[in-house]
Structure formats: structure tokens, C-alpha cells
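Taken straight from TrEMBL:
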type: BINDING; residues: A:Arg157, A:Leu158, A:Gln159, A:Asn190, A:Glu284, A:Asp359; note: substrate binding site
type: BINDING; residues: A:Pro191, A:Gln243, A:Ser292, A:Met398; note: adenosylcob(III)alamin binding site
Amino acid sequence: MATISRREGEFDSLRALLAKANERKTGDELAGIAADSDAERVAAKKALSRVTLRELRENPVVPYQEDEVTRVIQDAVREPIYERIKEWSVAELREFLVDSSTTDREIRAIREGLTSEMIAAVAKLMSNMDLALVSSRMTITARCNTTIGEPGTLSFRLQPNDPADDVENVLDSTREGLSYGTGDAVIGINPVVDSAENTAAILEATHGFIEEWAVPTQNCCLSHVTTQMEAIREGAPADMVFQSLAGTEAGNEEFGIDVSLLDEADELARRRCSSSGPNVWYFETGQGAELSGDAHEGVDQLTLESRCYGLAKRYDPFLLNTVVGFIGPEYLYDGRQVIRAGLEDVFMGKLHGIPMGIDACYTNHMEADQNDIETLAITLAAAGSNYFITVPMGDDVMLNYQSNSYHDAATLRELFGREPIEPFGEWLREMGITENGRLTERAGDPTVFA
Amino acid sequence: MSDKRAKDRLDGPRDPDLLERITDRNPSRLGVGRAGSRPRTDTLLEFRADHGIARDAVLTNVDEGFIEETGLVKIGTLIEDTEEYLARPDRGREISAETAEYLREHCEEGPEVQLVVADGLSSSAVEANVPDLLPILLDGLADRDLRVGTPVFVEYGRVDVMDAIGEELDADCCVILIGERPGLASAESLSAYLVYGPERGGPTAKKSVISNIHQGGLPPVEAGAQLVDLIAEMCERERSGIDLREDDREFVTD
């Protein structure tokens, strides 16, 4: 971009500048676009701090004509708001966001004038505490059967995966999770076999359990969106539909989706989902997904992650979480990089207006352990993440990775004095699982639901 | 792993018989009980122990003596240490010009089947399964009158290094036995990838795979027999991966 090269000499495009301004990530190094040194990284941040929001709008990282994700993001901009803020520098945007007198309402007032590139750019200038501070200031709610994201609440996805998709095992793990008070965000299962029949079986089983025990929550089976559509057309009770997203058209092609397919699924979900609320989508994302499919278009993984949220926004999701440590050390090497990425993702998602959660997780080939993701969970609970993922003792025996445990749900609520979603909390009290916000004698026992 | 010991940690379950049935059949860590909102100490340490085993499998290399005893010709990729191996998959797929030269000097050129062993993400997987698996492969392939080249061990190798090795040695078919990313349940799981007509940058869809090879999954002896059948079919029909499967569908409809 001409303006940047005139001003800074060494950065020959805004796309290159954005990449070099990132905190260190192995994925950007693997893509060959990272800063060569810490000095160059900070020089890039300085140059980026002076770039205006207008320059970012006029230079999307993938051209408008070539990429439908760019078109979705650009076409959604509310022009009068953009006109009001377009001469702000990225530094000014950061200082507006961190200012103690800036309220959630004032952030909402500029939100619709921002593009995903602007949001990525400001994240690159922010420290970890900056990100936590601003994230915690934003309240984003959404309603499926229940309403997530209300102030004072902290929610959890119960993830009772089984390596054989055995529905009895799925339900037993669900019983255990509920007995720790997790599951108010969703009872969501990643199936091994991606078929409509299997998806329907999992949906029927979880829906039946939810009805039988009158659990105020929602179910989801995380197969491919086309598989869920087939199951829903055949009458399977899905409270919402799920899909993984990428930040480029080419990346979404790798996932076997495009905007017109998502639009079609959206229409179907609104007509046929078994839930009562207006928000009927669940999305997952994660830095590095585009590069792993060789669909990154020379763009850094943080900016691409932000563009996922720009796309997700079109569908007003109930849940969106980054699966931050799942992809592996070639994208996020260690606990430090995962914690940074988790903070960036939740901040960027919330600034898009998305009810963000996080799967605070790691694989066994990463330089990380359970302590790192407990630290990440504590940090992001402070930063106002709407929800976290929980699996039995943190060990997902189907996906072969580790996340937060059912126990962690109770601990995080205890630590921050937070409550489950209101009707779910009431249900836990009625079931005798919690009393005065703490687990009772009955808690932690799956056989109380027999 | 959750086992019989686990359910003793949940004090006074409402239905002890049911709890036993649940923990017996469920592979997840259920019925572990709690200390306040935290796990019991034994449960916590058991989890950390399993993670420690998985980490060791990733971070330790296959023993030199093992490679010699197994009679493998050892080479490396462009990778220098574990840290680089984990961060740069691209460099774990390629060998240097000197290594290519070394391969041609020490291995038979133009074999019908080239076997490669790689540590991948689990050295334990190699040490646990290859001693049973390799002899069955060698004997089985000899029985099918297939000319097998000199087996190679590659340190810090990714799956696609098989393409570089197969191409340099001009093999018809290349098979790599490689350690999988360890889970907490097993750090000893091995995968076999197979390709007919190996070439650098060839499409992933051309590769066939048999995974989950370990004593608790597909036992190495059984995996060996399956692999011999698959390799023989690949050599006979001169194709692999999705081409082999699509062909099957045509065959069925005929």
C-alpha cells in the first residue's frame, strides 16, 4: 500500500505490516510472514499505530472481488458510523477502548462501523491486560432456549464425547457433568462418524434427556453442517446448528462450505430448530486453520481469525468459541502463545458483538500442560468470556486433547462469584446439586440422574 | 486412566451398582469424585502421570541401539532438534542433497516396495510396535514375490518425507510407519501411510492409511497382515488412496 511504503519504507503492504505487527506465533513464522526480530515487530506495531481506520477499510487483506468473506465484512459496515470514525488512527481506537470512561454502550455505538481488519489491527497494539480489560467491559448476550452472557454469569459447554459415539456413554458423561453444574451453555457432542443417522441418534438422545429431566439448556451435534441439515430435514431435534469457519473463501472451501450454503442452513435452522430463541448457530474457529489448509492468502493468522468473526456475525450466533490450542505447535507453540491467542480471540469476537466463549485447550505435542490452560481459563473468566468447554477430568478421549474439566466449572464460578444462566442455576438448586452457590453432598455423582 | 480405583474415590454414590456399571463401560474419567470443587489428589496425579508419559513419547528420540538391531539405515530430515521439528512441519518433509546421496549409496535403488520408519510424534509407538510389525511385513511381502528395498529409519520425519525418500530411491510404492500424536489413553499408537508412485508434493488423497496400531487398538501383528494385503493390491493395480477406493465402488456396481 502506497501510503505505508512512503511513510515507513520497509513495509511494502498493509497486509505485510499487519503480519509483522503480531506477537510471536509459530504459524506466522511457518507462513514466512512474521517479523524477523523483536525490533522489527515493534517497528511494525509503531507503524500500524499510525494507520487510519480508513486505510484499513480501503485495503482489505484479501481483495473484495476475489473473496466472499471480504464482501460479507465490507457490506455489513454501517456507513454513517464509519464516516464518523474513519480518520481515527489505530492508536486512537486503542485509547478509546481502554479509557476508563468509555462505557459498553459507547463501544456498541462504534461497533457497526468497524471491519475485522480494524479489530485485528487494534488487538495487535494491545497488551494482555488491555485485552482483558476491554473484553470484560463488553456484555454480549444471546438467546437459544436460555440467555447466555448476562452480567454475573459464567457458563460451560458440557462435551461428553465418546470414541465409539455410544449414546449411553454420552449420556453417562452428561450426567456426571450436570452433577458438577456444567452444561448451561450447551450439551454439545463431536461425533466420530459424520452421518445424518448418527447425528440424529445423538440429538434424539440428548434432547430426550433434556426433556426428561427438564434441564434448561440446549443440545447440539457438531457434525458437518450439511449432515446436520439432512438430520434436521428428517425431523431430528437440534436446538442449534454448528459449523467450523475460516477467514477466507478458500479456507471455507476446505471446510466444504460457502456463504450461500450457510445462508441456506440459516434459513432451515430458523424454521426447523427445536429451540425457542432467535440465536440458533454455534461456530468454532481457531488461529492457524487457514494456513493448515493452505488457504491463508499470505495473511497472518490473527487477522484471519478476526475475519471469521466478521463472517459469523452475519448469522447472529448463540455460541462461538475459538478452539485455541487444538491445532498444534506449528501454529501456537506453547502455553504463552496459546494464552495470548485466547485473549486476542475473545477480545476480537466481543468487539464484533459476538457472544464469545473459549475452548482453553492443548494437545500433547504442544509445550503446555494443564496448568497453562487453567491459567488461561482464570484469565479469560476475568476477561468476561461467556463460556468454556468442559470434559471429564479435562481429558477428551475422543478428540485426544485436553481442556477444562467438569470440576473447573464449579471452581471458576467459586473463584469469581459467578452464577450459571438463571433458570439453569435454579434447576441445579432444585436438583440439590448446589446450595448458596456451592456444590452440595450430592454433587459429582452421575447416579443422581437415574 | 479411569479404572476400578476411580469409583472408590466418589464417596457414597446414590447408586453404587450403577456407578460401577458406568465406570466399567465408559472410557472417559467418570465417577472420580472430588475434594471440594477440585479433583481428588490421586485422580489429579494419575492425570498428570498420563500426560507425562505422552510428553516423554513426543520429546524423546528412538533409541540408537533399537535402530541398529532392527537393521534400519538411519537418515535425517532438514530438522535439527525437537523444538524445530514441532514448529516446522515443512522442514520435516524434506531431505538434503547429501542425505539423498547417502540413501542411494546405502539402499537398493528401484525397489517395488520401500519401507520407512519414522519417530513422528511418538518414539514410544515405534519402539513398541515396529519389532512385531516389521518382520511380518518383510516375510509377507517376500511371500507375495514383491521386491522390498532396504528399510530406512528417518529421524524428525513427517508423513510426507516418504515422498522424498520414495522419489530418490525410485520406488514403485512407499510405506511409512510413523508415531501418532499421543493421547492420554495411549502414547504408543502408530500409523502406516502408503502411496503408489511417490512424488514430492503429490496429493494427500493419493495416500492410503491404517491408523491406531497398538496393542490396545489394532495389534501390530494384525496390522502387518492387513498392510501386506493392501501393498500387494496397490502394486498390482498401480494406484493408492482415493483412487483405490473409487475403483472399489465401480467394481461393486459392476
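Placement of Cβ uses the backbone N, Cα and C atoms for every residue, glycine included.
Remember, predicted model here, so these are calculated numbers, not experimental data.
Scoring each of the binding-site residues (A:Gln159, A:Asn190, A:Gln243, A:Ser292) by how many neighbouring Cβ atoms lie within 10 Å, the top position goes to A:Gln159. Spanning the residues A:Pro191, A:Gln243, A:Ser292, A:Met398 that the record associates with binding adenosylcob(III)alamin, the maximal Cα-Cα distance equals 22 Å. Residues A:Arg157, A:Leu158, A:Gln159, A:Asn190, A:Glu284, A:Asp359 make up the record's substrate site, and a Cβ search at 8 Å around their centroid adds A:Asn161, A:Val186, A:Gly188, A:Leu222, A:Asn321, A:Ile389, A:Val391, A:Ser403 from the same chain. Taking CA atoms as the reference points, A:Pro191 (adenosylcob(III)alamin binding site) and A:Gln159 (substrate binding site) are 11 Å apart. Cβ neighbour count within 10 Å across all protein chains ranks A:Leu158 highest among the binding-site residues A:Leu158, A:Met398.
Secondary structure from DSSP puts A:Gln159 (substrate binding site) in coil.
Shown in sequence order, A:Thr182, A:Gly183, A:Ala185, A:Val186, A:Ile187, A:Gly188, A:Leu319, A:Asn321, A:Gly357, A:Tyr387, A:Phe388, A:Ile389, A:Thr390 are the residues of the chain, 6+ apart in sequence, with a C-beta less than 8 angstroms from the C-beta of A:Arg157 (substrate binding site).
Geometry remark: A:Gln243 (adenosylcob(III)alamin binding site) versus A:Glu284 (substrate binding site), CA distance 7 Å. The DSSP secondary structure for A:Ser292 (adenosylcob(III)alamin binding site) is helix. Applying an 8 A CB threshold to same-chain residues 6+ apart, the list for A:Glu284 (substrate binding site) reads A:Leu222, A:Phe242, A:Gln243, A:Ser244, A:Leu245, A:Leu320, A:Asn321, A:Thr322, A:Val323, A:Asp359.
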